[in-house]
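Worksheet for the structure shown next.
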Ligand SMILES: Nc1ncnc2c1ncn2[C@@H]1O[C@H](COP(=O)(O)OP(=O)(O)O)[C@@H](O)[C@H]1O
Ligand SMILES: CC(C)(COP(=O)(O)O)[C@@H](O)C(=O)NCCC(=O)O
């Protein structure tokens, strides 16, 4: 049986199947012309089940759901939970209201712990937004999603700056220790803001566990990663954690604690 896994974010839709985890990416923001080709590709796979995570584009999610119904595919948009449990791990969601946590952040946390077990993790996703989440290892197989930070991602920072100050050009230059041109000043400000956000969170995570592992993902990760590597030698770029989390939940369905 083919299970289709879908991660619908604010800019991009990533998908794969349970048997073939190689992800495909479609940038959906400001576009609708991709649906026909995408649906044709999905039809060719003849999935019987769809497991997704959606935090954006309700019209697109609705259209996809209708398409799944039209073809008799069983679908689930997986929401955050108070606790995820499978044969190897238990992850507790410490958000004040666990259901208010972004489904992508929760599913990515499950993917992160599944991919890098045995460690306290700082999971950084630099996409439309940058999210920096701490997952503390409590004991063998037992973890807590302690909480995290949300800030604009690099592209949104640039947009916010140039929307708010129209006299600034929206050109992104390169990082410089002492920028002497506007485009470099903007690039350096944005990169340093992203790096600072991660380092502050890492400091706080290190109070809970002295040796956290940083996992970095997202479409904008490549822009910032070179500037983080100097400060954090043990940095792993690990994309598609949401899809990995969905895979873990799809496999665990029936045995997980869905609260
Ligand atoms: N070709 C591209 N198209 C769109 N965004 C891109 C592209 N390459 C890099 N990016 C960056 O990736 C971000 C989107 O990352 P992604 O992880 O897909 O986000 P989301 O999960 O929010 O959909 C954009 O805001 C932009 O900064
Ligand atoms: C913070 C987010 C907008 C990130 O979305 P992304 O940039 O990954 O598309 C998303 O996780 C979300 O809508 N969260 C709900 C609020 C929360 O997590 O507290």
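Quick reminder: no glycine exception, Cβ is built from N, Cα and C everywhere.
All chains included, 25 other C-beta atoms sit within 10 angstroms of the C-beta of residue 104 (active site, proton acceptor). What TrEMBL lists as active site, proton acceptor is 104.
In the three-state DSSP reading, residue 7 (ATP binding site) counts as strand. A simple way to gauge crowding: the CB of residue 7 (ATP binding site) has 27 other CB atoms within 10 angstroms, across all the protein chains here. Here TrEMBL flags 7, 8, 9, 10, 11, 12, 13, 14, 128 as ATP binding site.
Among the features that TrEMBL reports, substrate binding site is placed at 95, 102, 103, 104, 105, 182. Following the DSSP three-state reduction, the secondary structure of residue 105 (substrate binding site) is helix.
With respect to ligand 1, the binding-site residues 13, 102, 182 contribute no residue with a C-beta closer than 6 angstroms to one of its atoms. For residue 95 (substrate binding site), the number of other Cβ atoms no farther than 10 Å from its own Cβ, over all displayed protein chains, is 17.
Of all the recorded positions in the record (95, 104, 182), the one with the smallest CA separation from residue 9 (ATP binding site) is 104.
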